[in-house]
């Protein structure tokens, strides 16, 4: 007997939007920091 | 720890699938540090009194162990679920830094090999594949977007780790200036930076473990749950997948794409200076060349997300036709007109490197299309041996040609032509391999695995 999966695409979410936002902020801050540092380094390509 | 078991890892009703990408990102951003290992190179060479090559072996060993552990551990990851796999990855990654720090503190290079190279490499391999299959299960409508986000994190991890490591070295050794040529950090600073990075990454990866969940219905044994089928209803186990022609064609595709990308990455800074050299002086300064390397890192990272997401719209096979076909044309242009203007050179290299990143990020979704979700993580793990092989072959090709011409940093644009034309050939081979990929023969499908009924109907109609 197989277990029928609920569709994860259409399943309604009851997770707090604040928790989702917090999770994304935790990973986005270091990622943006790294990206910013790389852009600063890359800027030398245009400014010499 | 039973809470890490597959059944205990299943999301409760209402759990948002948008918590899964940050969980995957937390792991991939941590292990992506490996691409920033070069920031320690000069200090490590000084500490151990060894050659550059001896220290470079630490990185090579880590990448080889990544490929091997992903290939060997893939089925274990599928059986035990993403949370246990991510925890094991975090422990190995953490232990790798600690043992590496011990090697630095005691002056034993062998401990750095064993720690960062072997233990860390195992953490890399398990960590790289652990969230991939779960992401595909949560995002059956957009598998390219989902895996693109995670694998973008691997590229982004290096962008974070390089400045973070330099900052830590400066904190533990006030006399260390990372911007000074040939600057060397003290043994204490190196060891403490390794320990600190290990702790930071352990905590960060634990956030991923805490957030990661399997979608409902995936907690039981493989035969008891419904899977998402690939083309023609394919649900193939890893041991069967490696018997199919498609696996080896895709292996060649990934190998060629990575080999060609490494051709640029390996020599980026001296290459741009050599392309615009007039006599003994180059129109491109060392600072500008460093900026070019920074821009390539950004292109590599953004390419992973952009092209993988695009593949959800145009399809996986056409996407690789772009990576390999357009990539070959761009390489040809780089060899022939790349020296005409810095902007032309930079633009061509930027697209080439974005295709390199995109190739990594799109391949899990391609595997899902071919084999279904039954053991897609394990199949992905085995495919990553192409990465390890390309990591050896790519630099060999480029360095082989350049060594014969002279020393990179003192060459001219024409000296790069043989290597660049070879890369065009490599990409054409990959392009042909991609063209030959077709749906997997049904004789390889697992007889016990089940797809959703509507998917079985679609497969019959296809």
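Keep in mind that glycine also has a Cβ here, set from the backbone N, Cα and C atoms.
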For the transmembrane segment entry in TrEMBL, name the matching range from B:218-237, B:418-437. B:418-437
At least three Cβ pairs under 8 Å linking the transmembrane segment (B:85-104) and the transmembrane segment (B:185-211), pairs spaced 6 or more in sequence? yes
Please tell me whether the transmembrane segment (B:343-367) and the transmembrane segment (B:54-73) touch - that is, whether there are at least 3 C-beta pairs under 8 Å between them, with each pair 6 or more apart in sequence. no
The transmembrane segment (B:418-437) vs the transmembrane segment (B:54-73): three or more C-beta pairs under 8 Å (separation of 6 or more)? no
Going through B:54-73, B:110-132, B:185-211, B:319-337, B:379-398 one by one, which has the most CB pairs that fall under 8 Å from the transmembrane segment (B:247-265)? B:379-398
